[in-house]
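Trainee: The feature active site, nucleophile is assigned by Swiss-Prot to C89, with sequence analysis given as support. Under the heading active site, Swiss-Prot lists H184, E186, citing sequence analysis as support. What Swiss-Prot records for S238, G239, G240, V241, D242, S243, S244 is ATP binding site, and it gives sequence analysis as the kind of evidence. Among the features that Swiss-Prot reports, domain 'Glutamine amidotransferase type-1' is placed at 12-210, with the record citing sequence analysis. Taken from Swiss-Prot, the feature domain 'GMPS ATP-PPase' applies to 211-403.
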Amino acid sequence: MFLSPSAAMHDKILILDFGSQVTQLIARRVREAHVYCEIHPNDVSDDFVREFAPKGVILSGSHASTYEDHQLRAPQAVWDLGVPVLGICYGMQTMAVQLGGKVEWSDHREFGYAEVRAHGRTRLLDGIQDFATPEGHGMLKVWMSHGDKVGEMPPGFALMASTPSCPIAGMADEARGYYAVQFHPEVTHTVQGRKLLERFVLDIAGAKPDWIMRDHIEEAVARIREQVGDEEVILGLSGGVDSSVAAALIHRAIGDQLTCVFVDHGLLRLNEGKMVLDMFEGRLHAKVVHVDASEQFLGHLAGVADPEHKRKIIGREFVEVFQAEAKKLTNAKWLAQGTIYPDVIESGGAKTKKATTIKSHHNVGGLPETLGLKLLEPLRDLFKDEVRELGVALGLPAEMVYRHPFPGPGLGVRILGEVKRDYAELLRRADAIFIEELCGTLATEQDAAAGLCEPSQVGKSWYDLTSQAFAVFLPVKSVGVMGDGRTYDYVAALRAVQTTDFMTAHWAHLPYALLGRASNRIINEVRGINRVVYDVSGKPPATIEWE
């Protein structure tokens with residue numbers, strides 16, 4: 001473990017991860033309060049905790065059982081530091097056990113919405129409520145997810161919250177600044193959760209809200225210059241938000257010492273290559289090496305239908321192409337990557353066996369060892385929304401910074417089954433039409449009246465009102481009629497979702513007129529597609545991408 005440069009320059013909160021699926025949401029809420037924080041595994045050393053010197057500590061939830069598993073505990077240093085501590089779900093239970101309380105099986109497990117009654121006037125919950133009962137008790141609408149519960153509070157703790165099935169749903173030792181809740185304040189389902197976390201971070205822990213992107217640019221530029229000196233840097237430019245912002249930031253710091261390598265694998269969106277080159281060569285005057293490797297990628301993908309196999313082939317071929325180009329740049333000493341904080345967290349989760357792989361990521365993690373280059377990751381402390389904010393501050397156009405996420409393997413995982421050049425071309429055109437209709441259609445008062453959007457969203461484009469939207473190519477044919485003739489062509493599926501964190505997502509309720517126009521245009525303008533369907537699956541159970 002090592003301290004990041006950002007950790008040394010700001011007040012900070014330490015989040016200890018016990019394996020929850022939503023630990024990243026805790027960090028996002030803290031960052032939204034403009035306070036720097038980092039997530040680290042619960043089994044970090046006492047020395048690391050002391051060196052980190054947090055203003056406060058948050059203990060995450062977990063899929064494990066405190067009642068059964070005596071290994072997942074917070075380091076002793078957490079309790080010796082003398083700083084406020086907030087336990088969430090499992091974090092509450094381990095706080096209870098470690099400080100002398102007891103945890104027991106719950107006869108009634110709680111998963112989903114619940115209403116919690118506040119007790120007393122603790123600093124954490126004072127004045128925070130969703131409604132009051134006729135008797136005047138403050139109530140909170142929260143999200144529960146637990147099978148165990150605290151049966152006996154540790155010495156010094158008082159009851160802070162309860163539900164009928166969980167008599168101790170919150171507890172506090174105000175003298176020591178220890179607070180714990182059985183529910184999850186980090187998820188959006190807990191209505192007052194953001195306010196609760198801000199109360200802990202800003203008021204109780206006393207952290208300064210000085211984590212601001214425009215100031216971060218100056219810090220990052222100075223850090224890059226100090227790291228790199230007069231040496232040269234190479235970066236794989238994909239056109240995605242992360243690599244684009246990383247390139248712009250590094251170019252701001254060292255100018256022509258940076259060379260970007262843009263690999264076209266034949267699976268990009270319509271005109272994506274031109275947009276990237278116009279931006280970085282034309283506007284930023286950065287050095288860009290453009291490699292058309294579409295024949296190589298598509299050749300190796302021929303006959304391959306399995307999604308995992310496709311991802312691995314694309315990742316492998318990217319490494320091969322990038323490596324060949326990098327070797328031509330004999331003066332390069334650094335490899336820059338657009339690694340962001342969720343990547344860092346997920347890598348740590350994999351190492352501690354606390355995370356499950358749903359889909360392989362096609363990153364270039366093996367390149368530094370292969371090429372003998374030092375690694376430069378200027379975005380590794382930032383979440384995606386912070387990366388976008390940084391991109392705007394760096395002067396990148398909004399249409400690039402706020403473009404919807406695009407998978408590393410590109411259209412390769414939006415073409416079901418085998419990838420073929422003609423499939424990719426059909427999909428590119430269908431996708432562009434769908435996105436064009438979303439961008440060109442504004443939400444109306446009628447949409448708001450129908451419940452499709454909020455009144456405050458009237459006048460915004462449906463592209464901005466969706467978190468991710470794209471077309472999928474289905475390698476099946478259906479019968480159609482065009483003019484007086486019979487057609488037998490392929491099917492395109494349209495997918496649009498709305499989400500705050502991409503961990504869960506709802507399918508977007510788009511206006512029928514918009515969907516109708518997109519469908520008609522695709523069928524009429526993309527020869528080879530004669531049917532369009534709309535995906536109405538949420539996440540879970542479906543994933544956002546089809547493969």
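Including glycine, each Cβ sits where the backbone N, Cα and C put it.
Mind running through what each feature is packed against?
Mentor: Around the Cβ of C89 (active site, nucleophile), 27 further Cβ atoms fall within 10 Å across all displayed protein chains.
Packing around H184 (active site) is summarised by its Cβ count: 23 other Cβ atoms lie within 10 angstroms of its Cβ, all protein chains included.
Around the Cβ of E186 (active site), the same chain contributes V22, L25, I26, R28, R29, I88, G193, L197, each under 8 angstroms and 6 or more positions distant in sequence.
If you draw a 10 Å sphere around the CB of S238 (ATP binding site), it holds 22 other CB atoms from the protein chains shown.
For the domain 'GMPS ATP-PPase' (211-403), the model's average pLDDT works out to 87.
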Trainee: Give the distance between the Cα atoms of S243 (ATP binding site) and C89 (active site, nucleophile), rounded to the nearest whole Å.
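Mentor: It is 36 Å, counting Cα to Cα.
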Trainee: Cα-Cα separation of H184 (active site) and S238 (ATP binding site), in Å?
Mentor: 36
Trainee: Setting S238, G239, G240, V241, D242, S243, S244 aside, what same-chain residues sit with their Cβ within 8 Å of the center of the Cβ atoms that define the ATP site, listed in sequence order?
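Mentor: For the ATP site the neighbour list reads L237, V245, A246, G338.
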Trainee: Provide, as an integer number of angstrom, the distance between the C-alpha atoms of C89 (active site, nucleophile) and S244 (ATP binding site).
Mentor: 38
Trainee: I want to verify one value. Collapsing DSSP to three states, which class is G240 (ATP binding site)?
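Mentor: Coil, per DSSP.
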